[in-house]
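Colleague: This is the feature table in Swiss-Prot:
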ACT_SITE  D89  active site, proton acceptor
BINDING   S7, A8, N9, Q10, H11, K12, S90, F191, G192, Y193, D194, K217, H222, R223  substrate binding site
BINDING   D89  Mg(2+) binding site
Amino acid sequence: MVIVLASANQHKICEFQAMLKNVKEKVKVYAYGELLETFEIAENGNSFKENATLKVKAIYQALYTLSQSTMQENIRNLFAQPLAIIAEDSGLCVPVLNGEPGIYSARYAHHKQFASMQYKNTDEANLYCLLNALTHCAPTPAFFVAHIALIFIKPYFCTYTLPPLEQCVIEHFEGILNGEVINEMRGNEGFGYDPLFIPAEHNPQSLTLAEFDMSAKNTISHRKKALSQCINRLFDKS
C-alpha cells in the first residue's frame with residue numbers, strides 16, 4: 001500500500017511518519033511534495049472537516065492529472081498499488097474564546113491582526129497572540145481537534161491511472177485531545193501551541209505537550225487518535 005500525505009507541513013509529516021512506522025502491513029509513505037511540486041491550497045472552509053476535504057481533493061486531483069500524463073516508471077508503479085491519500089486539518093479550540101483559535105490555528109496572529117513582526121516565526125507569533133487573548137482567563141479548558149479526510153483507491157482500480165475524483169468516496173475520521181491552556185510557555189518539544197497546552201490524559205505531572213517527548217506525545221495526541229481510526233479502516237478495506 002502507498003500512503004500519500006496531503007501536507008507540506010514538515011512537523012506534521014514527521015509526526016505522521018513516526019506514527020506509521022510500526023504499522024503491521026508493509027506501507028510506503030510519501031509526503032505529496034515527493035511526488036508533485038508543492039502548491040498553495042486554499043483552506044477557506046468553515047470547519048476542520050471542510051478544510052481537510054479541500055486538501056484531499058486538491059492533492060488527489062493533482063495526482064490524477066499526473067497519472068494521465070507520461071511519467072517515470074517508478075511513479076507509474078505507485079498507481080498500480082493500493083493507494084491512500086490522507087489529508088488532515090487540526091487546531092486548538094478554547095471555549096472561553098468562542099472556540100478560537102480553531103480553524104485559524106495556523107494563522108491566528110494574522111487572523112487577529114496581531115502585531116507579529118517582532119516574532120521570529122509564525123508559531124511564535126501565534127503563541128503570543130493566544131497568550132494575549134488569555135490574559136484574564138488562563139488556565140482554562142481547551143481541546144485539540146484533528147480531522148482526517150481519506151481517499152482510498154482499491155487495487156483493481158490501480159492500473160497506472162487513477163479514476164476521476166467524482167468516482168471517489170471521501171471518508172472522515174476525527175480525534176480530540178482534552179486538556180487546558182495556561183498563561184506561560186513550558187517545554188521545547190513539539191510545535192504550534194504545544195508549550196501552552198496541558199493534556200488531561202496520562203499526564204500525572206501536568207506537563208505541557210512541549211514537555212513530552214515525541215513518542216509519548218504520539219501515543220495520546222489528537223492526530224494519533226484520528227490516524228488510528230483511519231489506518232484501521234484502510235486495513236479493513238484493503
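Heads up, the Cβ atoms here are built off N, Cα and C, so glycines get one too.
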Colleague: Including all protein chains shown, what's the count of other C-beta atoms within 10 A of the C-beta of S7 (substrate binding site)?
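Modeller: Around the Cβ of S7 (substrate binding site), 22 other Cβ atoms lie within 10 Å.
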Colleague: Fill in the CA-CA distance, N9 (substrate binding site) to D89 (active site, proton acceptor), as an integer in Å.
Modeller: 11
Colleague: Using a 10 Å cut-off, grab the number of neighbouring Cβ atoms around the Cβ of H11 (substrate binding site), all chains included.
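Modeller: Around H11 (substrate binding site), other Cβ atoms within 10 Å: 13.
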Colleague: Suppose we draw a 10 Å sphere around the Cβ of H222 (substrate binding site). How many other Cβ atoms does it contain, all chains included?
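Modeller: That number is 22.
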Colleague: Can you give me the same-chain residues 6 or more apart in sequence from D89 (active site, proton acceptor) with a CB-CB distance under 8 Å?
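Modeller: Within the chain, D89 (active site, proton acceptor) has Cβ neighbours under 8 Å at E43, G45, F48, K49, N51, A52, K55, I103, A146, H147.
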Colleague: Among the binding-site residues listed here (N9, S90), identify the one with the smallest other-Cβ count within 10 Å.
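Modeller: Comparing Cβ neighbour counts within 10 Å for the binding-site residues N9, S90 gives N9.
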Colleague: Enumerate same-chain residues with a sequence separation of six or more from G192 (substrate binding site) and a Cβ-Cβ distance below 8 A; give 'none' if the list is empty.
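Modeller: Same-chain residues close to G192 (substrate binding site) (Cβ under 8 Å, separated by 6 or more) are H11, L92, S105, A106, D123, N126.
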Colleague: Measure from the Cβ of D194 (substrate binding site) and count the other Cβ atoms within 10 Å, all protein chains considered.
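Modeller: I count 25 other Cβ atoms within 10 Å of it.
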